[in-house]
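First, the structure itself, so that you have it in front of you.
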Amino acid sequence: MDVTTILILLLVGAIATYFSGDKLASKVALFFSVATLGVSLYLLNEFSKGETINYLGEWMEYPKVYLALQADGLSMLMVLLTTALTPIIIFSSLGNTYSNAKSFYALVLFMSFAMTGTFLAVDGLLYYIFWELALIPIYFIALIWGNGDADKRKKAVVKFFIYTLAGSLFMLVAFAYLYQKTNNFLLGDFFNLRLSATEQFWIFAAFFLAYAIKIPLIPFHTWQAKVYQKAPTVGTMLLSGIMLKMGLYSVIRWQIQIAPQAAKTLMPYLIGLSIAGVIYGSIIALRQKDLKKLLAYSSLAHVGLIAAGCYTLTLDGLNGAVYQMIAHGFVIVGLFFVAEIIHRRYETREISAMGGIRSQSPKFTSLFMILVLASVALPGTYNFVGEFTVLYSLSQVNIWFAVFGGTTIILGAYYMLKMFQNVMLGETNTKVFASITTNEIITLVIIIAFLLFFGLYPKPITDLVNPAIKDILIHINR
Amino acid sequence: MSAILIIFYVLAAITLSTAFLTIYSKNPIHSAIYLVICFFSIAGHYLLFNAQFLAIVHIIVYSGAIMILFLFTIMLMNLNKEDEVHKPRITRLGAIVVFCVLSAVLITIFINSKTIVGDYDTTGEDFQSIKKLGKILLNEYMVPFEFASVLLLVAMIGTVLLSKKEKTNK
Amino acid sequence: MQTLIAISALGVFCLLAEIFNLRKALVPVTIVGLLAILGITLNLWSIDSSIDEQYKSMIVFDKFSAGFSSLFIILTIFLIALSHDVYKDHQTKISDFITIKVFLLAGAVAMVSFSNLSMFFIGIEILSIALYILAASKRLDLKSNEAGMKYFLMGSFASGIILFGICLIYGATGYFDVAEIYALSQGAGLPIWFPIGITLMIIGMLFKIAAVPFHFWAPDVYEGSPAITTALMSTLAKVVAMATLYKLLSGLTVGLTYNFEIIIVIVSIASMTVGNIMALRQKNVKRMLAFSGISHAGFMLMALLSLTNAASTLLYYTSAYALAGMASFAVIIYVTKNKDNEDIINFNGLGKTNPLLAAVLTASLLSMAGIPIFSGFFAKFMLFTQTIKAEYLVVVIAGVINSIISVGYYFKLILAMYTKEATEEKQATPFVYYAVGVISIVLNIIIGLYPSLVTNLIN
Amino acid sequence: MENSLVLLLLLTPFVGFLFNVFFGKKISRNVSGTIGTIAVVVSFAMSIFFFMQLNQTGKVIQVKLFDWITVSNFKLDFGILLDQLSLLWLLFVTGIGSLIHLYSISYMHDDENLHKFFAYLNLFIFFMITLVIGSNLLVMFIGWEGVGLCSYLLIGFWHKNQDYNDAAKKAFIMNRIGDLGFLIGIFIIASLFTTLDFVELKEIVLGGTNSGNALLSVATLCLFIGATGKSAQLPLYTWLPDAMAGPTPVSALIHAATMVTAGIFMITRMNFLFDLTPYIQEIIAVVGALTALVAASIGLLQNDIKKVLAYSTVSQLGLMFLALGLGAYNVAVFHVITHAFFKACLFLGSGSVIHALHGEQDMRKMGGLRKVMPITFATMLISTLAISGIFPFAGFWSKDEILLVAFQNHHIAFAKVLWVVASIASIMTAFYMFRLMYLTFFREFRGTEEQKHHLHESPSLITFPLIVLAALATIGGAINLPGSNWLNHFLEPILVTKYEHHALGTQEYMLMAVALAGAIIGIGWAYSKYIKQAFVPKEDSAITGFSKTIYNKYYVDEFYTFLIVKPLNGLSNFFRTTLEPALGKVVYGFGTVANGLSNQGRKLQTGSIGLYLFAFVIGVCAIIIYLFLAQNIA
Amino acid sequence: MNNILDIVGIENYIFLSVLLFCIGVFGVLYRRNAIIVFMSIEIMLNAVNLLFVAFSTYHQDAEGQVFVFFSMAVAAAEVAVGLAILVSIFRNLGSIDIANLKNLKG
């Protein structure tokens, strides 16, 4: 068994979901996503035993494209993130009913398929194909099942699509350029290229555009908040939980490895930009009136920090970035689910229309509180491990980076607590807040359990990622 | 200056001026007649080249067939009135400018190019008799020759198609 | 040669069919006939000794021509399959239409397999005249007349220029035979007539593929023509012209001069940009696709920058483009069948009323936009790679920017299908639209997944 | 065995927390409270056990539980260190904690969320223990943030009141500012020494010569910033008075006795580093002294009984920092302990009063409670005497030592000034504490008739802790009486700079007398004003002039709002309403430009064949000219 | 018979043809009457035909003249189709002014 099983399973799942009909769709999708999680856990086991689970097959002769799927610790972790979050996301959506559910869940699984592929591919074009493929389902999910005014939604979603596509097309040019030097797209062969500084710069820039838009870094983030707001929550979760990580993962896997010299030269500016994003996102989140938008900007701040970690090019920075990716993936999914839970009951995302929920639903409040605390990286949650490692690595580069990056500790607490206060606390709300269902509790508890467990005992993840990152660093410092 | 040269110049003058008058005259019928003259003068050129067959064919096809078609159409549309509206002045001016530029450019290029000096080949062999043309046409050029029939067939079907009245119910 | 003869014979058969009142059987028989011809063509290609000595001086049926001919035949099959439903109210004319299309195919095949400029010239004239007729074929519709007239006037003007070009080439070399001209062009000492002749011919072909600044006819003609003719023009005719242009350039000259490449670069960038930008604000789908076609012409022109080895890429690109175009036109013809215009509004709610056709149209538009797994993506990618190799990065950048712009208008249509409410009830859909749409998009995806199916045909 | 006992010490409160979270609602209120209390008592018992053990064997206990975070050049264990310092803290944390839990059973009896209250309290104890016994800076940081969290939860315990929530949020965020400093300090230390473990760190620092390192100063400064946040020093002290929004036991436990002393604990822990950076020590001393003065002066005019105590806490903490800054860590620790006793007692006493008055906290509406609440009065009086520094109560000894150290310091040039400042602060303390006492317990009752009717002494569950604490406040000074100096000896292994033992000379006695005199002056001042002149503080609106400035806490909160919060919100609004759409427009701009071009371009497509042909011919001309003429000319 | 080009020179024929061709182009641009535009195009084709014959003589090669036949066939076919379209327009529009054909634009 190798990693293709995951992909095939997801693809088959998508097709099966489509043909299972609207009523069964969610269950079939859930079944397949759980099965995929099982398979990927099994593969993790194989992987940790040292078995090879990579796959290398021929695909195209011209252009020379291999079906090269390789799982090192990093990829494996990202795949697990995807396959773990997908069932959670699907499970969380069981409380909603969607028109044309079969297409909806098929698209969700298909997106999961594409994202998994992105994390596994080590052939440039294959990777690019997966990368783009992931965009199409989310486009439709946001477009068709999104909320809010249709015209505005369209505008936001189309902007998102074109914008991200625009970025990635430049990446394609970079790949084309590399291709005509190596005559294939294998990552390994790209390493062996002796690219001049100028070449590296331009290739780095092309990749950067793609990733900066996807991650997003300021000032390329303008698509984010609106799409998060307009997309259905499942879409938002997929976007924020996994898809953003595609960009960050790619930075580590492709950008800094192919053009390390450029990365080193540009490092201060990149970190500076990322940290500016942290501060900008945090500040703008302070006064958001829409819950999902606020979470979107908090996401912007967090990914900024992760990106800063990636661009430090140090072991700690990369490790921390990966930890933080995982942590952020879980916590943001949880938070968006919280927004959804409230929306199910209050039919609103306006923060001002909420408040006073705590006295009605203490359980929900506690779970939400823990997520908020995880989001502000309270020690004991996995987010802290990530944030600490990243900030530490930043401090090793330049202490000021850590100081400014560290403002997220303060500002993050500020806007998250403010949000929590306005959403949950205060005089009991006149609107009845129906008590939280078991499904909802299960979803949140799984997420929280994950975050707390690895917050105290991050060693398994560390052991998985560390060797992979060390390999990557060897390439960077070649 | 030999007679032939004089004939050439005369013919050339006729060709160019009638061509110009074709365009310039306001009455379409006049245009058509100028065009016929133009075609005849071109036939004269062919004769100068000693391409008699071509000259005959030219006269038959152009002056005989095509021009008749034109005239017929003009008559059909009753266009002999001088209701011709000229294009706006700017357009006409533009046309003149473009004409001048284009001819100037092309002629400049040809003048600047390597002039052909020396004798022209005269092999003395027959290369343009009817016999020779026929042989070439039906041997080497058999395929295009046949293919040209497809062309004419298409044109024929097309003309029919465009003019045929449809039966509205089948 | 056999292909050409067979196609012509099929055309004659179609003519005769009407006489013998075989109208009902006409379309199926023609399709079967074309399939057989496709078989012959592929067979010829596989044995590779297909160079028919007897007609060598006129027709060379090599891999290039076999590859493109096969593509043309496939496209014609689709078009003729669609004809059945489109012309069902014009039973008296159906055989004429089909005959013209078959002959048009003959012209097209001649254009990619000529070895003598006379064949090229007659081929292009058959193609053009057939198109003039088809464009104007709705004789009572002023728009169609206008389209035919515009196309005819400009087309014959372009023919004059091509003819002038041929004449100058002949004057410079004394031959119409491509091989001889190629041999002579390698040596020095040709008069300046030769490059001018080549240039004029290329300009004529640029007109046919609707490259800027010779593109103005395209949107008007596409819009005015009957939808099925537009489909023909935007898929078959454009592909034929492009293949011919490539064949002319690679067949007649050793390599382009630097200055000429600059011209190609400028025309290519201009075509992409103008086509895409103009397409943004179009309401009429046919017109939009016309501009999209202009931009694709710009993309295809990139292939001329690496003249020696771009044949397979060009075939791939044209196949991808034409198949996507065919799929989209199958849907467009269906949607606008009983409408008096082709505005985007007509597509509202198609995603709900007819999900399959909506999916087909979406896929074809995505392919044209260059989204992966659809062959349009690989096509663009191959072109980019080759152009980068030829060191014209600037064209690639322009191409990328234009790809981005193009998404803007392709998605306008997709948005209309999926987010707007339908204006009318679902109508019965003849099977043929599904067949054509689905088959062509599936072919598109298949060659997307296995590009070597196409690229190996020539290389 | 030892490990499991350590775990028992650490985890019992956590188990109590879990129990109350999951089952608290289902069991009766008393059971819930009792379990919460027992959980802490168990920890207290364990602390005593370990304390005894340490006293007997002198062996420091180190336990490594598991690997935690791994960073490139070092590993962080989740480890536990039980040495003199941590045990000392454990003792009074769990000890006072137990008492306050006990107190809370009664105090919070009527609250619907009683089980939650105990859950939070237990959680707090858990985190506090973590903070104290962590073997490295990062584990300490867990506790550090954890107690902050509990503080947040408990301040906002009555969550329906948004003002309380604001106060809770403010406390958390202010703490976070300090936490960032702390974290940065940790980073610097980690990069300097590649370890965060206290024991290793100490060895490395003592082994090497790092005294000149500028980065080290930055590190200690950052740590100190962390401490100012948690221990409410200038400029981050404003959260503490607001934190009084929480239930009174919380104020007593968290915001007086334990959590706020974490900063002192941390600095004492890291004393070997601070000793190397004298400049930072000076800063600490100055900040401490200033805090003591400023807070005391604000305390002079407050009318809310808990606010007075809060400012008093800030002020006392300032004194402790002064001691820290002067290098007298043991003195600071001494004061921490005595302060824990009497301040907890004072808070609990005020809680008893508030309880009796059904939530009334304004001293202007109290008075004459002496008779109805004798136990409360007596215990509070003892504590007030202690805090005022009256011989022989605990506060006298500890405060006197601080003043002594300040007076005798030779390292800092302006130590005498600090002594003066601290003395003034002490006088003020005596004044406002007795002002509190007079206003609350003496003269006649000023509240409503209904309140008067219900006045009663608190139940024994409330008075018992008061009595115990009052007793401790009385005799607490014994642990470090001049002469025996038990505490100093006990802490010797922890501190690098050895405390100089000198015999009590004339100077020392003089200073004691001065301090005592100061306290008595303060008391007398209060007596004359509030008993003799029977002065009752004016209504808020009637306060004018400088008094108003003081009453409004020097407008520091407003100043911060103006300086930080407002600009931040303004910036946020600016970003949200202006910059963000503008950025969006830039992206849309491309679309707009393209669409605009498209609209213009469409005008070119006029439909006129003539124009099209023109374009055609011009194109031909251009290409031919470019290819065949331009080249020739060039 | 002597080669006529010895006397006249190929350049003169080129110039003549070019001028004639350009007059054709000029006509296309200058007139709005579709029929005259057709005629202009015919002039262009004839200019090329003339040049073909000249080159044919120049090379002493019959192929040029053969090509002229094809060219004539094409011209005839074009005129037939063109006039058919023209008639059809005339029927619908009542005019053959190409400036009136502006329904398709934008």
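From the backbone N, Cα and C atoms, a Cβ is placed for every residue, glycine too.
The domain 'NADH-Ubiquinone oxidoreductase (complex I) chain 5 N-terminal' annotation in TrEMBL covers D:68-118. The domain 'NADH:quinone oxidoreductase/Mrp antiporter transmembrane' annotation in TrEMBL covers D:135-417. Per TrEMBL, the feature transmembrane segment maps to D:6-23, D:86-105, D:141-159, D:180-199, D:279-301, D:308-326, D:332-354, D:375-397, D:417-441, D:461-481, D:509-528, D:609-629 (among others).
Could you tell me the structural context for the features on the list?
Beyond the transmembrane segment (D:279-301), the same-chain residues lying 6 or more positions past its ends with a Cβ under 8 Å from any Cβ of the stretch are 217, 220-221, 224, 228, 232-234, 237, 267, 307-308, 311-327, 406, 411-412, 415, 418, 421-422, 424-425, 428-429, 431-432, 435, 537, 543, 547, 550-551, 553-554.
Counting same-chain residues at least six beyond the ends of the transmembrane segment (D:332-354), those with a Cβ under 8 angstroms from any Cβ of the stretch are 85, 88, 92, 96, 99-100, 103, 107, 247-249, 251-253, 256-258, 261, 264-265, 268, 305-306, 309, 312-313, 316, 319-321, 323-324, 360-361, 366, 369, 373, 376, 379-380, 382-384, 386-387, 393-395, 397-399, 401-402, 440, 458, 462-463, 465-466, 469-470, 472-473, 476-477, 479-480, 487, 491.
Residues 312, 316, 334, 338-339, 341-343, 345-346, 349-350, 352-353, 356, 369, 426, 429-430, 433-434, 436-437, 440-441, 457-458, 463, 466-467, 469-470, 472-478, 480-482, 512, 515-516, 518-520, 522-523 of the same chain sit 6 or more residues outside the transmembrane segment (D:375-397) yet have a Cβ under 8 Å from a Cβ within it.
Away from its own ends, the transmembrane segment (D:609-629) comes close to no residue of its chain (no Cβ-Cβ distance under 8 Å at least six residues beyond either end).
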Under 8 Å, at least 3 Cβ pairs, sequence separation 6 or more: does that hold for the transmembrane segment (D:417-441) versus the transmembrane segment (D:461-481)?
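Between the transmembrane segment (D:461-481) and the transmembrane segment (D:417-441), which are separate recorded stretches, there is no contact, as judged by 3 or more close Cβ pairs.
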So, does the transmembrane segment (D:461-481) come close enough to the transmembrane segment (D:86-105) to give 3+ Cβ pairs below 8 Å, pairs being at least 6 apart in sequence?
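Between the transmembrane segment (D:461-481) and the transmembrane segment (D:86-105), which are separate recorded stretches, there is contact, as judged by 3 or more close Cβ pairs.
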Taking residues 6+ outside the transmembrane segment (D:180-199), which of them lie with a CB under 8 Å of any CB in it?
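The answer is 62, 71, 73-74, 76-77, 79, 81, 135-138, 141, 144, 205, 210, 213, 215-216, 218-229, 266, 269, 273.
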Across the whole of the domain 'NADH-Ubiquinone oxidoreductase (complex I) chain 5 N-terminal' (D:68-118), what does the mean pLDDT come to? Round it, please.
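A mean pLDDT of 84 is what the predicted model shows over the domain 'NADH-Ubiquinone oxidoreductase (complex I) chain 5 N-terminal' (D:68-118).
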Let's see if you can do this one: DSSP helix, strand and coil counts over the domain 'NADH-Ubiquinone oxidoreductase (complex I) chain 5 N-terminal' (D:68-118), in that order.
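Reading the DSSP string over the domain 'NADH-Ubiquinone oxidoreductase (complex I) chain 5 N-terminal' (D:68-118) gives 29 helix, 13 strand, 9 coil.
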